[in-house]
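> Quick paste from TrEMBL:
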type     : residues                                                      : note
ACT_SITE : K17                                                           : active site
DOMAIN   : 70-145                                                        : domain 'GHMP kinase N-terminal'
BINDING  : P97, L98, A99, A100, G101, L102, G103, G104, G105, S106, S107 : ATP binding site
ACT_SITE : D137                                                          : active site
DOMAIN   : 228-272                                                       : domain 'GHMP kinase C-terminal'
Amino acid sequence: MKSIELAAPLRLRAPAKVNLGLEVVARRPDGYHEVVTILQSVSLFDTIDLLPAPALRYTPPAGLERESDLLWRAVRLAEERFGVRLRAQIRLEKHIPLAAGLGGGSSDAGTLLGALAALAGIPLDEVERAAAALGSDVPFFVRGGTALATGTGTDLAPLSTPPNVWFVVVAPDLVIPAKTAALYGALTPDHFTDGVATRRLAAALERGDTLDPDLMHNTFTPVLREWDAVSRAIDALHAAGAQVVLPSGAGPSVFTVVPSQAVANAIADRLPAGIGRVYVCTTVARDSNASALQAAVG
Ligand code: C5P
């Protein structure tokens, strides 16, 4: 057992994500789906404070149950798989809306696993592989940034983060029970595509090209359109001047991407009240907690 004790408080920022493209390619015999997706961390953050304490302590924020909370499951996974015991009080402050397609819970878990790995000197790729046990988006959040994800979403290839990219994200106030499983379950083979557009988008990002809206697709768009709240958010973004509007993951959040903060703010200002929570954010680079972690290990 390797014990992690902190000399000073450590604040981690757990970013949300959007999917710059998400194509569902096939259904597998085990019920999971093969995807081709590009994940991008964005500057809407939960904060995870680790405070020096003689023993591990964590009370989840209101609305989260400790045993099912992904952050707590990440602590347990680090202990069981890597023998890492954290001696700290954990405080989680939620800002990323829950079950919105923005990866909040996955980010809390992945960010903490990445930090524990850095503090304990465990290779990050080992932690990424283990993180898949907590959910398909969790491995990405161990390092974040920009990545092409294939398989069930857990096979990662890092990409360069596109420069000068801003997002307007709308999270409708809509709770879809067992959302991700329900949305995948609603897909039929007619919805499946070959993933070529998203792979071309990834290749374009590697060349440093700007995001081509014609290559940005999300398989869940037609299924999500059946929810009025999602349709209203998509239509409102278009009416406010957005060109391309995509769901993030399996929704229900939707977003547009623009080349500057001024354009993003102008679109956000034109959105009507009552369509949901609106966030203007930009890209977050890979390993964004590295300097905080560096300071913590001295
Ligand atoms: O991996 P995660 O816990 O986020 O997945 C939730 C549910 O979404 C799974 O139980 C499965 O029904 C569905 N899913 C899928 N194919 C994926 C990812 C998720 O069918 N690649």
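Think of each number as a place in line: the chain as shown, counted from 1.
Just so you know, glycine gets a Cβ as well, placed from its N, Cα and C.
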> Between C-alpha atoms, which of these recorded positions comes nearest to K17 (active site): P97, A99, G103, G105, D137?
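Result: the closest of the recorded positions to K17 (active site) is G103.
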> Translate the DSSP assignment of G105 (ATP binding site) into the three-state scheme.
helix
> If you draw a 10 Å sphere around the Cβ of S107 (ATP binding site), how many other Cβ atoms fall inside it, taking every protein chain shown into account?
29
> Do you know the DSSP helix, strand and coil residue counts for the domain 'GHMP kinase C-terminal' (228-272)?
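Going by DSSP assignments, the domain 'GHMP kinase C-terminal' (228-272) contains 22 helix, 8 strand, 15 coil.
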> What whole-number Å value do you get for the CA-CA distance of P97 (ATP binding site) and D137 (active site)?
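Distance (Cα to Cα, whole Å): 16 Å.
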> Can you tell me how far the Cα of D137 (active site) sits from the Cα of G105 (ATP binding site), in Å?
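Rounded to the nearest whole number, the Cα-Cα distance is 9 Å.
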> For the domain 'GHMP kinase C-terminal' (228-272), provide the mean pLDDT of the predicted model.
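Computed over the domain 'GHMP kinase C-terminal' (228-272), the mean pLDDT is 98 on the 0 to 100 scale.
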> Residues near the ATP site, P97, L98, A99, A100, G101, L102, G103, G104, G105, S106, S107 excluded, by Cβ within 8 Å of the Cβ center?
A16, I96
